[in-house]
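Novice: Features from Swiss-Prot:
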type	residues	note
BINDING	13, 83, 84, 135, 244	sn-glycerol 3-phosphate binding site
BINDING	13, 17, 266, 309, 410, 414	ADP binding site
BINDING	13, 14, 15, 266, 309, 313, 410	ATP binding site
BINDING	83, 84, 135, 244, 245	glycerol binding site
């Protein structure tokens, strides 16, 4: 039977998913499995590398079983992954030497501070497009090498491999046959030069990582590995890889200069397509590789919010004011406004445009009249307010005035949040019919490489609008919200600094 589907593996921060797409980019089947979050110390976040892959393999099989689809019907596999999360494993056995250190983890903040004192921040930003922060992979690799007994010696002897989650999944799907990554993931490690498209020896020396550990960097859309026949009954090409946010940008058909999307997931991630050359930021945005296709490199400006939808999980699991995430919109809608309450969810610091790793969460403006609804409303509004800070910074960097913002991710289904986002930004907020754009993006990349789809024009034609939210808030109300929000951010800033 001729291949009729692309299988996208979407390895996220809290769950692994497999999503089957047909030629019209419709979702045929979804399978999902959550995995364990490990918090060894305050500010530390880890995953089990084996559980990451095992959960991904399970949903791969479950998706095909539920869809009643055989391996012969799969044209290609695409892989999207949580970025920056760092895994180090033994080359000979494939055994991890330590848990995966997750992108949210802050244990290397002091090392990054020292690099800043040593004058390395400018070199790193100039070569990588990134700000010097514990968020990125390089300092996490160094921590493993310095703190796992014997790891540094093994790495120096060429016995250890490093990879972001995409590399780890490909390594295991290929039965240890292929050690690769793509430029979108490599550009998030703080070790990759986005101007030369190569690992950079000066950066590797700064973070103390041997080059022998690093994966080969291959185009995001290319025949880059073979899935071992054990998984599909035959060899199937892995033909698309991208970090989750770059994948979502591609899946939202933001393929042209000036188009932007925001993903409302665990964090919020706004990417603005800046075309075929990197654009340096003067306003604390990240310059990153968007993807590499047959047409060459595309770049983006990115603003990263560490805590977006995760604030909803905190209200559910930490405070217990909701029992299920689906209750959030209803509860926030029980009050007409935030009642003067502002929440800054800086649980692990503030991301763009502040990059304050010592900020911590605050709720300000509480009175005896404050209720659960006000807290829920303030949390909802905080997601959109953080996004607006990023949009304002990007417009200063580029001079590009957005006319629309495409959205995806779980929280994009919250109509109150989307309307509030439109009101704040003053532009149309467009939610697509298929909000699984992360998976769709790597399906597109894999499909392009294998001829499943012909070109990007065909892909753009497959994007369909579900709902458009138009701004309607009076300007004076918007100005008041922004003024009070920035006052609240000032209260949260530098909280842990002595």
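The backbone N, Cα and C atoms fix where each Cβ goes, and this holds for glycine too.
I would like each feature placed in context: is it buried or exposed, what are its neighbours, and how far apart are things?
Specialist: Under the DSSP three-state reduction, residue 83 (sn-glycerol 3-phosphate binding site) is assigned to coil, being neither helix nor strand. Counting every protein chain shown, 27 other Cβ atoms lie within 10 Å of the Cβ of residue 83 (sn-glycerol 3-phosphate binding site).
DSSP assigns residue 309 (ADP binding site) to coil in the three-state reduction, placing it in neither a helix nor a strand. Applying an 8 A CB threshold to same-chain residues 6+ apart, the list for residue 309 (ADP binding site) reads 264, 265, 266, 267, 268, 325, 383, 409, 410, 411.
Neighbour list (residue 135 (sn-glycerol 3-phosphate binding site), Cβ cut-off 8 Å, at least 6 residues apart, same chain): 84, 103, 304, 306, 351.
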Novice: Rounded to a whole number, how many Å is the Cα of residue 17 (ADP binding site) away from the Cα of residue 244 (sn-glycerol 3-phosphate binding site)?
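Specialist: Spelling it out, the Cα of residue 17 (ADP binding site) and the Cα of residue 244 (sn-glycerol 3-phosphate binding site) are 12 Å apart.
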Novice: Far apart in sequence but close in space: which same-chain residues, 6 or more away, have a Cβ under 8 Å from residue 414 (ADP binding site)?
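Specialist: Listed in sequence order: 264, 328, 329, 380.
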Novice: Using other CB atoms within 10 angstroms as the count, which residue among the binding-site residues 13, 14, 245 scores least?
Specialist: 14
Novice: Closest of the binding-site residues to residue 245 (glycerol binding site), Cα to Cα, picking from 13, 14, 15, 313?
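Specialist: Among 13, 14, 15, 313, 13.
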Novice: What is the maximum Cα to Cα distance, in Å and rounded to a whole number, among the residues 13, 83, 84, 135, 244 annotated as binding sn-glycerol 3-phosphate?
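Specialist: So the binding residues stretch over 15 Å, Cα to Cα.
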Novice: C-alpha of residue 13 (sn-glycerol 3-phosphate binding site) to C-alpha of residue 313 (ATP binding site): distance in Å?
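Specialist: The separation of the Cα atoms works out to 13 Å.
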